[in-house]
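Chemist: This structure is in structure tokens; I'll ask about it shortly.
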Amino acid sequence: MEQQDSVKRDGRLTPVLALATLIAAFGSSFQYGYNVAAINSPAELMKAFYNETYYDRIGEYMSEFSLTLLWSVSVSMFPFGGFLGSLMVGPLVNKLGRKGTLLFNNIFSIVPAILMGCSKVAESFEMIIVARLLVGICAGLSSNVVPMYLGELAPKNLRGALGVVPQLFITIGILVAQIFGLRSILANKQGWPVLLGVTGIPAALQLLLLPFFPESPRYLLIQRKDEETAKNALRRLRGWDDVDTEIEEIREEDKAEKAAGFVSVRKLFSMRSLRWQVVSIIVLMGGQQLSGVNAIYYYADQIYLSAGVKEQDVQYVTAGTGAVNVLMTVCAVFVVELLGRRFLLLLGFSICFAACCVLTAALALQDAASWVPYISITCVISYVVGHALGPSPIPALLITEIFLQSSRPAAFMVGGSVHWLSNFTVGLIFPFIQVGLGAYSFIIFAVICLLTTIYIFLVVPETKSKTFIEINRIFTKMNKVSGVHPEKMELKDFPPSASRQ
């Protein structure tokens, strides 16, 4: 019996779990990636549309400054919407549940898809700007809710692999947008509204299919107090009837948290027992965005051109880089349970650090020899590989793992806000840094990568194959809370049965 139990505790990838993962990730995470990249290739066509629309109304063209400003507003409305979406995470996941929030979130994808698709016919660039804000809210919600939903559905031995799937679909979204954005396909005068409007299709599919899949059993049992539905959900997800061990584990997490009560964002910052978790999330999410990943993509085209790639071929090389990104994220899905989260983060940030250093030298010495630009291309691809292995997929997975149920929504709000504000800042400030520092702008990113690597090495523990409660114990030691403020501890009066894992 004991043997059978331990076998049972290792969950397997059942069809229900696999399909729930794919539908949640395709319907939500895919769109985030798609909308990040979709606006890059038709940029010139869209600026021309802005200008012509303005001319039709006023009778004169916009000044260069106004056009640039309007365009950067269109682009940066997306991360700003992402920030707003992150702030909505907590209230929505507690009120509607994880699955309910994903279903509700489709409004923020279908409406803007219609707006963007019709903007040219309606001769209104305002529709595009509003749609970018809405689709940003959609991405802000999904980038936080999908990892939370999947992390709570998955058995502990698959949590890492399934936790990386959202990032995999973000990279697939970027690649699909790059392919659709080839000039021969949709990045042309007739096609660009379709390119922007396609984002509604995954949302519509998710709206049709996700209702047939279970809500997070943790949410059902802890927040809804609905044990029967939670058990049924677990039975469907695990593919066997005896789910009492896991229900007991969730209950223990619940008891352990009764001490903490509901954790708001303000309480999250004031609780000593969560200090290192919160600092780690801020450092990892900030490091992920401020390590220059957006800047590398922004710079890539110029690097390819300087290496002698023909202008009309750059789009294919960019799509090739997108494909490398997808490939490496697929690798991360398979190795995250094998090598662990900490190792992948250290490896990824170290590769990015090295790539930024060499890239700075290569860009500075670009004209020194004919082969130098090829080193730049190697650096770009190495950087993409490094980022896809650790810095991109792991931080959101870690938020699910290092916080318990009551503090998880608040933690995702903090992590999400840092993610989107950093993204917004880089998008806004990088063009100016680039003008001021030129090739040396990557030194800043190298320093950020190095500091993040040092922090991970010193602070972030390994979490693979551990239950949420075991992970919490590691941090309880780090936060030195065993005897301090017992009323504020996230783990208090621990039931002895938990230690018999």
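Cβ atoms here come from the backbone N, Cα and C positions, even for glycine.
TrEMBL: automatically predicted annotations, no manual curation.
TrEMBL feature annotations, pasted as is:
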{"type": "DOMAIN", "residues": "21-464", "note": "domain 'Major facilitator superfamily (MFS) profile'"}
{"type": "TRANSMEM", "residues": "12-34", "note": "transmembrane segment"}
{"type": "TRANSMEM", "residues": "69-90", "note": "transmembrane segment"}
{"type": "TRANSMEM", "residues": "102-122", "note": "transmembrane segment"}
{"type": "TRANSMEM", "residues": "128-150", "note": "transmembrane segment"}
{"type": "TRANSMEM", "residues": "162-186", "note": "transmembrane segment"}
{"type": "TRANSMEM", "residues": "192-213", "note": "transmembrane segment"}
{"type": "TRANSMEM", "residues": "276-300", "note": "transmembrane segment"}
{"type": "TRANSMEM", "residues": "316-336", "note": "transmembrane segment"}
{"type": "TRANSMEM", "residues": "343-365", "note": "transmembrane segment"}
{"type": "TRANSMEM", "residues": "371-389", "note": "transmembrane segment"}
{"type": "TRANSMEM", "residues": "410-433", "note": "transmembrane segment"}
{"type": "TRANSMEM", "residues": "439-460", "note": "transmembrane segment"}
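Show me how these features fit into the structure around them.
Modeler: Tertiary neighbourhood of the transmembrane segment (12-34): same-chain residues 102, 105-106, 109, 135, 138-139, 141-143, 145-146, 149-150, 153-155, 158, 162, 165-177, 198-199, 202-203, 205-207, 209-210, 213-214, 236-239, selected by CB-CB distance under 8 Å and a gap of 6+ residues from either end.
Distant neighbours of the transmembrane segment (69-90): 35-36, 39, 43, 46-47, 50, 62, 101, 108, 125, 128-129, 132-145, 264-265, 409-410, 412-413, 415-417, 419-421, 423-424, 427-428; these residues of the same chain sit at least 6 beyond its ends, with a Cβ under 8 Å from one of its Cβ atoms.
If one looks beyond the transmembrane segment (128-150) by at least 6 residues along the same chain, the residues whose Cβ comes under 8 Å of a Cβ in the stretch are 20-21, 24-25, 28-29, 31-32, 35-36, 39, 46, 70, 73-75, 77-89, 92-93, 98-99, 101-102, 105-106, 108-109, 111-113, 115-116, 119, 162-163, 165-166, 170, 196, 199, 203, 216, 396-397, 399-400, 408-409, 412-413, 415-416, 419-420.
Counting same-chain residues at least six beyond the ends of the transmembrane segment (162-186), those with a Cβ under 8 angstroms from any Cβ of the stretch are 17, 21-22, 24-26, 28-38, 40-42, 142-143, 146-147, 150-151, 153-154, 192, 194-195, 198, 312, 315-316, 318-319, 322-323, 325-326, 329-330, 332-333, 336, 388, 392-394, 396-397, 400-401.
Long-range contacts of the transmembrane segment (192-213) within the same chain, counting only residues at least 6 positions beyond its ends with a Cβ under 8 Å from a Cβ of the stretch, are 16, 19-20, 23-24, 26-28, 30-31, 34-35, 38-39, 41-42, 45-46, 49, 99, 102-103, 106, 109-110, 112-114, 116-121, 128, 131, 135, 138, 177, 180-181, 186.
Distant neighbours of the transmembrane segment (276-300): 268-269, 317-318, 321, 345, 349, 352, 356, 380, 383-384, 387, 391-392, 394-395, 398-399, 402-403, 411, 414-416, 418-419, 422-423, 425-427, 430, 434, 441-442, 444-445, 448-449, 451-452, 455-456, 459-460, 475, 478-479; these residues of the same chain sit at least 6 beyond its ends, with a Cβ under 8 Å from one of its Cβ atoms.
Through the fold, the transmembrane segment (316-336) approaches residues 37, 160-161, 163-165, 167-168, 171-172, 174-175, 178-179, 182, 297, 300-301, 304, 309, 344, 380-381, 384-385, 387-390, 392-394, 397, 464 of its own chain, all at least 6 residues removed from its boundaries and within a Cβ separation under 8 Å.
Beyond the ends of the transmembrane segment (371-389), by six or more residues, the same chain brings 171, 291-293, 296, 299-300, 303-304, 306-308, 321, 324-325, 328-329, 331-332, 344, 347-352, 354-356, 358-359, 362-363, 365 to within a C-beta distance below 8 angstroms of the stretch.
Counting same-chain residues at least six beyond the ends of the transmembrane segment (439-460), those with a Cβ under 8 angstroms from any Cβ of the stretch are 276, 279-280, 283-284, 286-287, 290-292, 295, 341-342, 345-346, 349-350, 352-353, 356-357, 359-360, 363-364, 366, 391, 398, 430, 433, 478.
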Chemist: Near the transmembrane segment (410-433), which residues from the same chain, at least 6 beyond its ends, have a CB less than 8 A from one of its CBs?
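Modeler: The answer is 72, 75-76, 79-80, 82-83, 85-87, 89-90, 93, 140, 143-145, 147-148, 263-265, 267-268, 277-278, 281-282, 284-286, 288-290, 292, 294-295, 298, 395-396, 399, 402-403, 441, 444.
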Chemist: To what whole number does the mean pLDDT across the domain 'Major facilitator superfamily (MFS) profile' (21-464) round?
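Modeler: The answer is 90, the mean pLDDT of the model over that range.
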